[in-house]
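Enquirer: Quick one: the structure is below, questions incoming.
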């Protein structure tokens, strides 16, 4: 039963795999119907034939497995019938043994009865012999005695003795008849006992033969079944490998077919686009001629604009450096720091303010405000980008050949390092100026050659 269950499980697995492969092939067949036969890959028909052959082999193996299962069921039914017959024979043997026991007990009873009758008969024979002897003695006395009183008395005794002898003879005759009947019954019971013993021996021999035949047939069936199971397992493994390879080949064919279908779709779309492009070809040719003329005019204009741009760029640099010179060689900026966490926890207040972008103010004597003027003032809400925006153009001056220096000064904790270097997420002047320097170098790399050290 375990082997049958295993074989059934293997067949179910093979059928599921085959159904998946068939469903995949059916899907690919439906998709193939949308494409012309010329676009079908050359190996698809071979794969279909191979799948059909494998399906036939699987069906044949399934039929063979069904036949083996039916044969096994039939053998099992025969074994069950033989088992039932064997149980019936065992019951019959048990009943025969019970009958033999009853017959044996009856035989023993009859034997004991015969022994009793035999002993009674022996006793009766002894009594008979005694009476006969007594009768003979009485007859001799009757011949030798005379007719007197005492003779009459002896005659009466002799008559009494003769009567008792006759009754003993009758009883003996009855006992002999009963003994004969008992002997007949004993002989009959012995015959029945012999017949029953012979039947029991025959039944035991038959049971032994049936058991041997059953064991031999069972071992033969077991060997045949194990051989068939091994063959089926090997055949199933081979079929699974073939089915796996065919499935892989079919998947490759399906992927190839899908690629071909995609290519066909793209080609059809391209063909549609080409049809549309043919419609616009004449207009495009005319527009190309017009565009060529326009490009020629624009090319001349572009050359003129490029020369003008170069002149303007030179002028811009000159004017920028002139403006920087006008602003002064040294310029002082002021940046106000917001309160830090410690100052906020101490509930300090910020008393420095910036009325405009050039002035800062703070309380002085007599509650008056004192102001300081700088070239530029950055309040507490100014970002790093805003600070760099007013110093970014100094990088261009450095590239143009001017010496540029930016430094920060102030008391400890005023924010010098944060302004100059910043952090990874919020860089300061130095990282931004370096990035700007390389941006300018990359921008003008086609026009000039740069050397950094």
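Using N, Cα and C of the backbone, Cβ positions are placed for all residues, glycine too.
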Enquirer: Which stretch does TrEMBL mark as region 'Disordered', out of 22-42, 43-63?
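Expert: It is 22-42 that TrEMBL annotates as region 'Disordered'.
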Enquirer: Would you list, in sequence order, the residues of this chain other than 410, 411, 412, 413, 414, 415, 416, 417 that have their CB within 8 A of the centroid of the site's CB atoms, where the site is the one recorded for ATP?
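Expert: Close Cβ neighbours, site residues excluded: 337, 408.
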Enquirer: Other Cβ atoms within 10 Å is the metric here; tell me which of the binding-site residues 410, 413, 415 scores highest.
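Expert: Counting Cβ neighbours within 10 Å, the top one is 415.
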Enquirer: Summarise the domain 'Kinesin motor' (329-453) as counts of helix, strand and coil residues per DSSP.
Expert: 41 helix, 22 strand, 62 coil
Enquirer: Work through the binding-site residues one by one (412, 414, 417) and point out the residue whose CB has the fewest other CB atoms within 10 angstroms.
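Expert: Fewest other Cβ atoms within 10 Å, among the binding-site residues 412, 414, 417, is found for 412.
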Enquirer: Among all the protein chains here, how many other CB atoms are within 10 A of the CB of residue 411 (ATP binding site)?
Expert: 6
Enquirer: Within 10 Å of the Cβ of residue 416 (ATP binding site), how many other Cβ atoms can you find? Include all protein chains, please.
Expert: 17
